[in-house]
Amino acid sequence: MATKRIKKLYNKEEKRSGMKVQVLFLCIIVSFLPLFRGLFFEKEFYTASIMIALLALGAAIRNVLEKEKMVFSTWIEYLITAMMILYVVSFPLAINKHKAVFEAIKNTTYFLIFFITVSEIKGNKEISTISWSILLSGTIVSIIGIGASFGSFTYQDAFKEGMISSTFQYHNTFGAFMLATLFLAMGEITANEGWKKYTAVAMGYLLFFGLIFSYSRGAWLLLPVVGFIALVLMKKQTLKDIIFSFVGIILAFGITTPQIYKAIQTSNQALGWSWLLIGSITTVGVTYLLHRYVTTLHEQYINKKSLIVIISITTILLTILLTNGHMIRLFPETVSSRLATINLRTFTVVERGVFYQDALKVVKDYPILGTGGGGWAALYGQYKTYDYTTTEVHNNIMQSWIESGTIGLFLLLGIYACFLWISYKTIKNIEDQRLSNKLTGIICAVLAMMLHNTIDFNMSLGAYAVIFWLLIAIVTAAYKNYIPQPSKTNITRSLPKTAIIALSIVVLLLSGAFRLGIKNATTAIALAEEGDYYKSMEHLEKASRQYLYNATYHLDLAQLQLLIGLNAPDEALIEKSKKNVEKALSRDSNSMAVLQNAINYYTTIGEYARAVELVEKYLESHSLSDHTYNFSIDFYYAVGSIMMDTGETTEAEMYFERVLELEQRIEEINKELLHTKETVLRDVSDAPEWYVKQRFHINLDQNTIEKINIAKERLQQED
């Protein structure tokens, strides 16, 4: 019965003609998303969110007009919905409202992209179109990164310190994206014939090149792991497609890499592009020849089991050769040196372990609902073991646990478990070989992204996250359309169309308002630089209303109001400025920049008691930072000096004594940091010396040291 049902669904899909406009627009939008700094920053993400909300709104309205039902029939749909709701309802309790509202909008946008994809995909045609659009996007991203390494393109941080980051501006996420799209290429290679197959082969070469020169060790390690899974899942008849294309890619890469590496080193654009073209042509040529002349040999002598055994043995041998240094010499120096550092005691691995340990401290204090979105960035200064700087945990599961609590952790793990289950059921039951291979490529792409998410912060880049949830939605849609649901476990429920329409409108309005706020703030900065303070203030007032939770806008407005109010003079405006400072603090009371500026503000208007409160908050929130102690000592010394000059000797002594107390605290902390350094860096040989000196010791500026000595002298004089 199940097989008949699957064939019926497939035949029904084949008879459909045309494609929904929503799918085409979805492909266009998604293919462009990685090009805008990976949507890491708010400005770009809100623009994308507006487009996705409009698309979701259009899809929901069309369903209403055509009287089509929107239904949930899988657990993964319910879990993803619950995760989105959790981020929204936990917002009022969030530690940092600004970051929390951004994360709430992001997760709602991911839900909308998931909803659009699941509701609009009805068969192979839509799956192919979306897969090719992502594959094309990945290839363009790779070409931009490679071109930046040649010096042909100028894109900020696309090529930095010898590593390609392309439009993602972060080499590890770029590498993970290249890995995922490489598996999409694999799916299309095995699912197509003729020009489509060889186009995907050529793309595979470019993606593989981007993967290697991303220098992402995590992505390198995942290639054989997920590749092995792909071999197990693929149908026997198409294994030759994988082998032949991979041989072509590796052979072409080996031939062209020395010359392309030389082009990168010398910024020889003509040489680089020529050899890149040669590599693409060679990949296609070798793959074609293998298909033409070796196919019969492959079918006669190689079966799936023997192939897996051969690949396993080869992988083990290659691992041995790589670890003992014999094969490393065949790679470019930068690649070989990167390979040589793959072990569990490299500094980056050890430091990530410290991040995770500190993250668990946050979880312990916020166990149920978490901190709200952006909680790690807001709080890690209070929990860190030494003075590292990272607004990301470098582990999506851990970051979700912090932000959404144990409830969110179980939801995320449930989503992953459901995805694995529906993937297994889909691949097992779909008989159409081409569709099965295409879906296998998509599933492996998701697995690669999912596994890499456990060692880095890829999901903080909106473009990467959108594609991740989009690919999961494709597999979910395939499962719903091709796999019959057992009646005993039927959980099908109709989704209220008004709910999707309302949600889309809310996201549209909020993203639009926040985007306008960013635009007005940018205009205000430009006007202030030109000296037009009153117009600048008007734009900042708009920005602070439009992006209500952005502490920086309230703080900038307060400083501008204070400047104008002091020069006017205008007491009412000064009072307004004070209210805006407090609004900024209510939205983000842990930020180093917000605290420093608020302290300076209250020092300027002579409200030292409030400034002292904030300094103590600063010391609590960032207790291991050089900046904290240099700034705090400077504050106490400056106020003490003012008190001394005005004859308030007793009060001045209190401030100078606080300077000496901080000096003593620094000495105690440095002793603890020395012990921490010895523990953390045991057997670690690649930690940068400058980094160790800065991060495992509180270093005071010479100017700060002089102020400490003067404070001592003044206290001695008073004695």
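Placed from the backbone N, Cα and C atoms, the Cβ positions cover glycine too.
The shown structure was predicted, so the numbers you read here are calculated from the model rather than taken from an experiment.
Per TrEMBL, the features are:
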type     : residues : note
TRANSMEM : 21-40    : transmembrane segment
TRANSMEM : 46-65    : transmembrane segment
TRANSMEM : 77-95    : transmembrane segment
TRANSMEM : 130-153  : transmembrane segment
TRANSMEM : 173-191  : transmembrane segment
DOMAIN   : 206-413  : domain 'O-antigen ligase-related'
TRANSMEM : 219-235  : transmembrane segment
TRANSMEM : 242-261  : transmembrane segment
TRANSMEM : 273-294  : transmembrane segment
TRANSMEM : 306-328  : transmembrane segment
TRANSMEM : 401-423  : transmembrane segment
TRANSMEM : 461-479  : transmembrane segment
TRANSMEM : 499-518  : transmembrane segment
REPEAT   : 633-666  : repeat 'TPR'
COILED   : 652-718  : coiled coil
Sequence-remote partners of the transmembrane segment (273-294) [C-beta within less than 8 Å, at least six residues beyond its ends]: 146-147, 150, 152, 198, 201-202, 204-206, 209, 240-241, 244-245, 247-249, 251-253, 255-256, 259-260, 263
Among 21-40, 77-95, 130-153, 499-518, stretch most in contact with the transmembrane segment (401-423) (C-beta, under 8 angstroms): 77-95
Interface-richest range of 21-40, 77-95, 130-153, 242-261, 499-518 toward the transmembrane segment (461-479), CB pairs under 8 Å: 21-40
Other parts of the chain folded back onto the transmembrane segment (46-65), taken as Cβ under 8 Å at six or more residues beyond its ends: 22, 25-26, 29, 33, 36, 39, 105-106, 109, 112-113, 115-116, 119-120, 462-463, 466, 497, 500-501, 503-505, 507-508, 511-512, 514-515, 518
Tertiary contacts of the transmembrane segment (21-40), as residues 6+ beyond its ends and Cβ separation under 8 Å: 47-48, 51-52, 55, 58-59, 62, 113, 116-117, 120-121, 126, 129-130, 133-134, 136-138, 140-141, 144, 156, 167-170, 173, 177, 460-464, 466-467, 470
